[in-house]
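Student: After the structure tokens below, expect a handful of questions from me.
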Amino acid sequence: MDRCKENCVSRPVKSTVPFGPKRVLVTEQIPSQHPGSASSGQAQRVLCPSNSQRVPPQAQKPVAGQKPVLKQLPAASGPRPASRLSNPQKSEQPQPAASGNNSEKEQTSIQKTEDSKKRQWTLEDFDIGRPLGKGKFGNVYLAREKQSKFILALKVLFKVQLEKAGVEHQLRREVEIQSHLRHPNILRLYGYFHDATRVYLILEYAPLGTVYRELQKLSKFDEQRTATYITELANALSYCHSKRVIHRDIKPENLLLGSNGELKIADFGWSVHAPSSRRTTLCGTLDYQPPEMIEGRMHDEKVDLWSLGVLCYEFLVGMPPFEAHTYQETYRRISRVEFTFPDFVTEGARDLISRLLKHNSSQRLTLAEVLEHPWIKANSSKPPTGHNSKEATSKSS
């Protein structure tokens, strides 16, 4: 259970970063691979503990000049570190991993090696490349495993900063959950290790960056792209929910794009296993929070369905449906489910979004119903997989 101080219900703090829409922050976030850059002049997006200012990548070394930390962070819980990675010969250069059969072979090779060899990773096993992202707790770098030449993303987090923010448990949860998930639309966590001052997460590299950055670049998406992304996300969430995992922080900043433009869910820091199917902690981005969470009521996996509706709206319109200049106004709009559609949003899209943004969570469409919705079927270029995604991705596990 998250600590009380993680709750979003606190006074807003003005952002001073000159990039992107002004964001009201409560605390900071572990960095993702690709920080989004946004245009100015937009209303504030109210953020909760899982968010931070997206600072443009800065070239710096991840290991130099760091003083030892007296207080040690206990080793992260979860699976043992993954073994030495392996991939096809073509991955010798720092480029996106191949898709299709080559990608399946890479994943199969990795898993076989994981099963046959168990070892402790160290920083010496990797060649460190350019920075991909920078955040409050550390940085993300493009990296290459020396022996196999496998290209990946290495998230480097500083223990002293994790301790000061009191988010060790959040990191442990992210490692525990994400390392066990196998789906083509979920970013893979291969393993982790740590030294005296840092924690390292070995992640799949998503070369096309965040959906947030792409959305800011294009202002909004067309119906075909939106429906395709919603299909991929619904497939991934269906898989997560079948594993009793609730993400709780679905938003453009936490969605990455693979080499073929496929969507990948990342940042599972606010996700939870759901043995009781209920969690009451308020977390994530306020714009994407459902009424039951901001009102402090019990909630289940249906919170992700609400976020799916908000996401679909933002993809088509270019801004979240409940966005306002103040925390209080955003809160009020969500509680009353007050939003309107621009004239250019089609009837099919309006129907889907309206049936997801229901105050009563039991009245929201299920993920299966989302995948079978006429607007999705008419516009998406990807087929639904739902719970069958496990079978479809067995080769990559």
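Just so you know, glycine gets a Cβ as well, placed from its N, Cα and C.
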Student: Out of Asp125, Asp127, Asp267, which one does Swiss-Prot list together with Lys136, Lys155, Leu203, Glu204, Tyr205, Ala206, Glu253, Asn254 for ATP?
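Tutor: Swiss-Prot names Asp267 for this ATP site.
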Student: Which residue range, 161-174, 273-286, 287-300, is the one Swiss-Prot calls region 'Activation segment'?
Tutor: 273-286
Student: Long-range same-chain neighbours of Ser335 (phosphoserine), Cβ under 8 Å, sequence gap at least 6?
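Tutor: Same-chain residues close to Ser335 (phosphoserine) (Cβ under 8 Å, separated by 6 or more) are Pro291, Ile294, Glu295.
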